[in-house]
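Summarising the annotation, TrEMBL assigns signal peptide to 1-22. The domain 'Copper amine oxidase N2-terminal' annotation in TrEMBL covers 27-116. Annotation source TrEMBL lists domain 'Copper amine oxidase N3-terminal' at 125-221. The annotation domain 'Copper amine oxidase catalytic' is assigned in TrEMBL to 247-659. Positions annotated as active site, proton acceptor by TrEMBL: 324. Per TrEMBL, the feature active site, schiff-base intermediate with substrate maps to 412. The 2',4',5'-topaquinone annotation in TrEMBL covers 412. The region 'Disordered' annotation in TrEMBL covers 657-676.
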Ligand SMILES: [Cu+2]
C-alpha cells in the first residue's frame, strides 16, 4: 500500500469516528445538547417573565439521575440491546435574578420547572465569560483609570484588562464583585508578563459598574523584549530542531465511539462534559478475559475543584487565591484543541456545548480529543538467559487510550489527561503550561531586593510570584460493585530480636479498614502506606479482596495557616485523600457557591460528619498538589510541568490481565534514506 492510500484510509477512518459522535442524548449521563439548552432557556425565561441581562444563567448542567437509576438503565440496556427507555432528563440551573442566586430544576421530558429556590447561604455562582468581558471593558471608559494610564505614559489602546475573583477575607456582607487589573500589549502579545502594577478596580457584577478604584504606585511595566512566544515573532538563532514523528495506524483508530460511549481494547466508558468540571468519565469498566465480562471500576470521575493561591499578601495581590473550577468554570475554560499539536494526528475530537449567560448554547469545537498513544514504552518484558542453550525474550509495547482537554484559565493552560491502560491502570495526568502570574517590580537584579519579593526575579522588573496548584479529583470508584471499603495497607518495620535470622528487621503489612470518614483523611508521605479501595464482598481465588490502589504522584501539603481565609475556603486540600459516602449533592469540593464562599460547604466540612464508610458506596477524593517556585525557564512561557497519579488494579484480576495480549501487527513505515 503506498503512502497516499494509507493517508486516505486513515482519513476515512478518522472521519468515520468523527461522524459517529452523536448530537442528541442517548445515555442518561450525556451532556446537554444545544437544543436542550434552548429549551431550558425558554422554560426558565417564560416562568420568570424576564429576559437577559435581567436574568442571567450562571450555570446550566445535567441534574444527573440517581446512580441506581443510571445503573439499572445500563444493565437493562445491555440486556435489551440499547432499546430501554431513558430515565427522565432533568437540568440544574443557577440563575441570577434580582441580585439573588436562584436554583432551578427543570424537567426536560415534561417541560416544566420541578423546583426553584433562592440560595440563602454564602457565596456566589460561577462567573460567565460574558459578564467578565463586560467588566474587563469598563476601565476603558472610566476617567480616573484613563488618567492613570496617561500618567504612566502608556497608550490606552494597548492596555488590556483582566478579571480577578476577590475571595473572602472575613467580611460580614459580600457583594458580587470582581477585581480588575490591566496589562500592556505594546510590542508583545504576552500580556500577563507585563502588568500595569498599582491600579486595581472593583466592579459590581450585578450593577455592572466600577464601584472602587485605587492607583497606589507607579513602577515600570516590564519590557516587551524577550516575552513573545509566537514563532513568527522569533529571531535567529532557532532551535532545537526535530524530525517529524507520528504514531501511524494504517488500519485506523482501534477505538469505537457510539454517541458519548467509547470502547477500546478491554475498556469501555462514557465521556461527558460539564461547564464547571470539564470532561467527566463515567461507568468505566474493563473486560476480564477469564470471566468473559466487563467489570466496573469507576462510576464517575472528574476534577471537582482547583485551588490556586498566590503567596503575595500585599494590597494588589493578597486576594489572588482562585478556585478555578467553581469561580471560572474549568469546562467553560476549555479551549479548542489544535489537531496534530495538542493531540496527535490519530485523534478523534468531540465538540462541547455550554450555555452563555443568555442561556443560548455556545460551542467549543474540538473540545475533547481521544487518541491511542504509543510513546515507545514497554508494557511488560522479560529476557531469560539462565536456561542452558535457550535465550527467551518476550516484550509487549505499551499502548494506551488518552482522553485530553486543555483548560486555559487566564494565564495558565492546564492539560488534563485520562489515560486508560490495558493493564487496568487509569493514569490521571495534569500538565501545567502557559504564562506565569507575574508581578511588576522596580528590581532588575536580585542584589537590589530588600525584604520578601514574594517570588523569583525572572527578568528585569519581572517577578514570578510563588503559588500553589491543587486539583481535587472526584473519584466514585465501584470496584466490581458499589459497596466498597477503603483500606490502608500500612508498611511497618518488624524487629527480629531472637536468633532466628541473621537479619535484625524486615517490613510487613498491616491492613486497616477505614470505618468512618475520619479514618480516611490522609496526609500522604507521613508514613508508608498503600491506599486501596476494595470490594469486601468479593475475592479472588486465593482469597484476596478485589481492589484498586491509589498510586499518588505529585502531592503537596498546604503551608498557609488553617485559619487563614484562603485556606478556610480551600480546606479541602488540608488532606491529600478524603473518602466520603456517596451523596449526590456532594459534587464540588470547594462548595457549590465557591466564589466568595466561606468554606462552610466544602469537602472538609462534609467529612467532619464522620459518616460510616465501610462496605458502603464510597467516593475517593484525591488532591494533586504542586508548590510552584517559578524559575527563569518558566519564562516567558512555561515548558509543560507534568503531574498526576494512577489508579492501579490490586488483586482485581487473578493474574496479569495483559499476559495474553499479542504483539500488534507490524506497521510498515515508509523507508527513510539515511542522511550523509
Ligand atoms: Cu504554577
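Just so it is clear, glycine is given a Cβ too, placed from its N, Cα and C backbone atoms.
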If you average per-residue pLDDT over the domain 'Copper amine oxidase N2-terminal' (27-116), what number do you get?
93
Could you measure between the residue listed as 'active site, proton acceptor' and residue 412 (active site, schiff-base intermediate with substrate) for me? Cα positions, answer in whole angstrom.
10
Under DSSP, the domain 'Copper amine oxidase N3-terminal' (125-221) has how many residues in helix, strand and coil?
28 helix, 28 strand, 41 coil
